[in-house]
Amino acid sequence: MAVVLAILQYCSLLLAHCQSRAFHYPIMGFCAPPKPWERAGAEGTSGPSPFKPPSGGSTSDVVEASGTAKPGETIAATEGNMSANVNNPISRPMPQRPWQQTGYGNSYGGTGYGSNMYSSVGGYGSTYGSGGLYGNSMYSSYGGGGGLYGGSGMYGGGMYNSGMGSSYGGYGMGGMGGMGGMGGMGGMGGMGGMGPYGNPDPNSFGPPAAPPGFWVSFLRVMHGAVSFFGRVAFLVEQNTQAFYLFITAMLQLFDRSGMLYGELARFVLRLLGVRTKSKKGRVQGAEAPAFEGPGQQLFEAPKAANNSWDNVWGN
Amino acid sequence: MPSFKAPAPGFSVRFSPFHEHRLLAATSQHFGLVGNGHLLVLDLSAAGPGGPGLTPLFSFPTSDALFDCAWSESHDSLCAAASGDGSVRLFDVTLPPAQNPVRLLREHAREVHGIDWNPVRRDAFLSASWDDTLKLWSPDRPASVRTFRGHEYCVYAAAWSARHPDVFASASGDHTARVWDVREPGPTLVIPAHDHEVLSLDWDKYDPSILATGSVDKSIRIWDVRSPQAPLAQLAGHGYAVKRVKFSPHRQGMLMSCSYDMTVCMWDYRKEDALLQRYGHHTEFVAGIDMSVLTDGLLASTGWDEMIYVWPFGSDPRAM
């Protein structure tokens, strides 16, 4: 009996040791070398300290002594397994859920869906190594439309020849500075959300976890999209000037495209036989047929040419 | 001097307070928007086949972007990383990736953007999050010790005072920098520091009441917490938002900054001509900088061009 007890005791000791090992980091014993400013002769130059004198003891004790401690306060609803982690003093690292498994692409090699997505997008450097899209289009100004479209072409090259890829390519086109690049990244946004599908869990034991239900995965995709755009928004915020330039460029683009569509519309209307009269036309030559165009007159014929037109029609 | 091509855009770099040849770098795929993160431990080897080089020792993948990292001051192999999924992760670089992170701390509701280890008492660290709060953690506890509320918008950075074990400051998108005492329920000082978001701040290591803030308004301002009505100095020279500021651990008044204008600048705020040097070695946004505590004048930077550079002050980072 005593032997059994001893073995049990030994085992529990061993277990406790194993459990505590991972988290037993000596707090005060082994510390970084003294900082340069802590050495003798490196005293500060200022007068009396504006702060309350420091307290003794560890930071946790100091906070608890001050009555401000509120351990484990979560900011929003946390996940269930976290509360267990909080209450258990000897906690184990929380095992990651299957969709949290990370890795350099290898962990994404699951079903065809996941692996294709990630091999084409996440392949470091290949899809958007600094040489390609990013390098030449991102920092060129918005004017060079053709070259910038090259950015979307990159995404269009593979499986992104879809609405998503091209629309974000559009961002890149309008873009400037960081905007273009980020816009280009948009294609990834959806992808990040898709990731959860079919990632095998290399550390899990037993059968693979059941695939998440439709709503779960849908919400996860939504979460990915929302957090992605949240981060874009933050980046934009931190680059207010860049954002301003981006908006200015977009407005200019719309302005010009508006002119273009105006011209196209006029052309089509003329083909259809609708007579449009512009103010200038009426002023300069009310008798001239609209089709021959006071507009053309304005563009192609300088003032002296008015006479030649008059000759053609008048006499 | 050595450079290293990281697998993804770099967001933060830190020299080890224990080993002068060791660096920590936080990188994130796709510019931190979506995708994985990687925590890298790099070794600055003195002699290699092509002169000094940076060699990766460890690489720990994470499921979301990493925005910041910090070495423990109490244990040479322990480090913390701030993750985009709202978690704070503790890594032990002596353990294989399968056993890391040794601790996963999930309490923040949104992205954790800044992390800083207490350099005086060395037993606690802070995390700053986009959920407008800061949290104080101790590596021997499974949950946060306390939460600091008061900011009205995202908190981007936190910095412990280099001389007072209970005092730290935080930089937030609500245009303020706040000074806190862990024993007080609220901030002890609110500095309306800039007209735009404040992205970073740091304490002067030699003058415990001097604080530098870097902001979206492209300027760096130096504050004295005893007279916070007006800045002591304003350093202009960056062309875009200032992403990080850091005071030199060796020289009083000297600070380093990096910006979205893709440059790293060295300043001495007490000089008439404050800008000492400008480095344009990055080809993308520079997101992380650090100055070695153990080697005077050794600088490091990382940016979205996926490069990590280490160079001595005064030399060209790209010169091999």
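Cβ coordinates are placed from backbone N, Cα and C, and glycine is handled just like the others.
The annotation repeat 'WD' is assigned in TrEMBL to B:105-147, B:148-183, B:191-233, B:235-277. The annotation domain 'EIPR1-like beta-propeller' is assigned in TrEMBL to B:153-267.
Within its own chain, the repeat 'WD' (B:105-147) has Cβ neighbours under 8 Å at 17, 65, 67-75, 78, 80-90, 153-165, 168, 170-172, 180, 182, counting only residues six or more beyond its boundaries. If you take every residue in the repeat 'WD' (B:235-277) and average the pLDDT, you get 93. Residue counts for the repeat 'WD' (B:105-147) by DSSP state, with H, G and I taken as helix and E and B as strand, are 0 helix, 19 strand, 24 coil.
DSSP places the residues of the repeat 'WD' (B:235-277) in helix, strand and coil in these numbers: 0 helix, 21 strand, 22 coil.
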